[in-house]
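Visitor: Straight out of TrEMBL:
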BINDING   B:GLY23, B:LEU24, B:ASP25, B:ASN26, B:ALA27, B:GLY28, B:LYS29, B:THR30, B:GLY69, B:ASN125, B:LYS126, B:GLN127, B:ASP128  GTP binding site
BINDING   B:THR30, B:THR47  Mg(2+) binding site
Amino acid sequence: MSTQNNPNQGYNSTPDLTEEEVQRISDGFKIISMKMKNAATGEVLWQCDDWNLREGEVKDVRFPKKILECSEVSRELVFQSGEEIKYFQLLQRIKFHGQEIESLYFRFGFVIPGSTNSWDQVIYADTEGMMPAEVLSGNLVVETLFMSGDTVVHRSFYRIFYE
Amino acid sequence: MGLLKLLRSLKKNEKEARILVLGLDNAGKTTILKALSEEDISTIMPTQGFNIKALTQDGFKLNVWDIGGQKAIRPYWKNYYENTDGLVYVVDSSDEVRLKECVEELQSLLAEENLKNVPMLVFANKQDLQFALDAEEIMSHLQLMEIKDRTWTIQACSAVTKEGLQEGMEWLVKTISEKK
Ligand SMILES: Nc1nc2c(ncn2[C@@H]2O[C@H](COP(=O)(O)OP(=O)(O)O)[C@@H](O)[C@H]2O)c(=O)[nH]1
Ligand SMILES: [Mg+2]
């Protein structure tokens with residue numbers, strides 16, 4: 001995985017949501033699936049259609065080692081929202097042995113009430129400078145914060161193993 | 001072929017480009033994007049929200065937004081107009097019954113303040129089907145010749161055979177780059 005864009009580009013200020021509004025958005029929000037693909041060929045390398053996590057739970061995911069050999073990986077996340085969200089944005093932090101090595105920010109803006117949406121991000125990898133799978137495996141944790149403005153409405157963690 | 005190649009051609013001039021893909025439901029929007037990414041197009045479900053394809057490299061970004069086209073979703077389209085650099089309007093060239101609806105939606109898009117002067121690519125899709133109208137017929141139904149306030153083109157294509165897809169998108173990216 002390569003370095004992505006600057007995370008400090010969120011909304012300057014957005015109207016505060018009431019606690020009830022945050023709760024409703026949060027209750028209606030659900031990650032449906034995640035897919036890793038070789039972006040050069042479209043081939044699906046890994047897929048998970050059962051992403052039911054409790055708050056704070058860390059999910060173990062097992063990617064095939066050959067993902068590390070792809071110079072262009074595409075990651076597709078499918079999520080549902082029951083509620084309308086006006087200033088939807090995402091911040092993802094990748095930690096290696098607890099230390100942040102990369103972050104990724106994406107601004108979605110408006111989310112339609114009752115919608116299912118997908119976000120497919122192509123990630124360019126530096127296959128030359130890549131650490132070996134044995135070193136990375138089990139030591140990479142990805143934290144994803146889904147936010148409405150500045151308020152976190154959903155947080156998920158997954159730990160990556162390569163096999 | 002593919003979106004990655006497009007990003008590279010954009011890179012010389014651009015920091016970021018936002019492309020919005022609209023059209024009636026069933027026109028083939030999602031299939032076109034999947035086909036451009038070399039992905040499987042056999043299991044595509046009707047879009048109930050948006051599909052984003054985001055590419056980032058060396059600080060350059062290309063974000064393609066495909067928004068669901070069902071009548072119930074169309075009132076939400078306007079939330080996605082802002083900061084659009086290029087518009088793709090996809091037409092099912094085999095669906096003569098819904099051409100009138102297709103023209104009306106295009107007319108109202110073209111009248112949108114937030115989409116003013118935004119270059120437009122019209123995909124006359126599904127050309128692989130026997131009774132598809134050709135690009136010239138679609139052009140006259142959509143009254144494209146009357147558009148004076150933006151750069152536009154029409155490209156015959158098929159998301160199934162991939163004919164025309166890359167050409168169309170290359171035109172759009174090039175036009176966006178030159179405009180800025
Ligand atoms: N024959 C043919 N079918 C197509 C083509 N493009 C899309 N389709 C089909 O049209 C249907 C609607 O496609 P979809 O991409 O979901 O349309 P959307 O609602 O505009 O996103 C699907 O069954 C596709 O397989 C094409 O170029 N040729
Ligand atoms: Mg669709």
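Heads up, the Cβ atoms here are built off N, Cα and C, so glycines get one too.
In TrEMBL, annotation is done automatically, which means it is predicted and not curated.
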Visitor: Taking the binding-site residues B:GLY23, B:ASP25, B:ALA27, B:LYS29, B:THR30, B:ASP128, which residues show a Cβ-atom distance to ligand 2 below 6 Å?
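Guide: B:LYS29, B:THR30, by Cβ distance under 6 Å.
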Visitor: Given B:ASP25 (GTP binding site) and B:THR47 (Mg(2+) binding site), what distance in Å do their CA atoms have, once rounded to a whole number?
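Guide: Cα of B:ASP25 (GTP binding site) to Cα of B:THR47 (Mg(2+) binding site) measures 8 Å after rounding.
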Visitor: Tell me, in order along the sequence, which binding-site residues from B:GLY23, B:ALA27, B:GLY69, B:LYS126, B:ASP128 have their CA within 10 Å of B:THR47 (Mg(2+) binding site).
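Guide: Qualifying among B:GLY23, B:ALA27, B:GLY69, B:LYS126, B:ASP128: B:GLY69.
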Visitor: Quick one, of the binding-site residues B:THR30, B:THR47, which Cβ has the fewest other Cβ within 10 Å?
Guide: B:THR47
Visitor: Within its own chain, what residues at least 6 apart in sequence put their Cβ under 8 Å from the Cβ of B:GLY69 (GTP binding site), listed in sequence order?
Guide: B:LEU22, B:GLY23, B:LEU24, B:ASP25, B:ASN26, B:ALA27, B:LYS29, B:THR47
Visitor: Pick from B:GLY23, B:ASP25, B:ALA27, B:LYS29, B:ASP128: which of these binding-site residues has the biggest number of other Cβ atoms within 10 Å of its Cβ?
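Guide: Comparing the binding-site residues B:GLY23, B:ASP25, B:ALA27, B:LYS29, B:ASP128, the most crowded Cβ belongs to B:LYS29.
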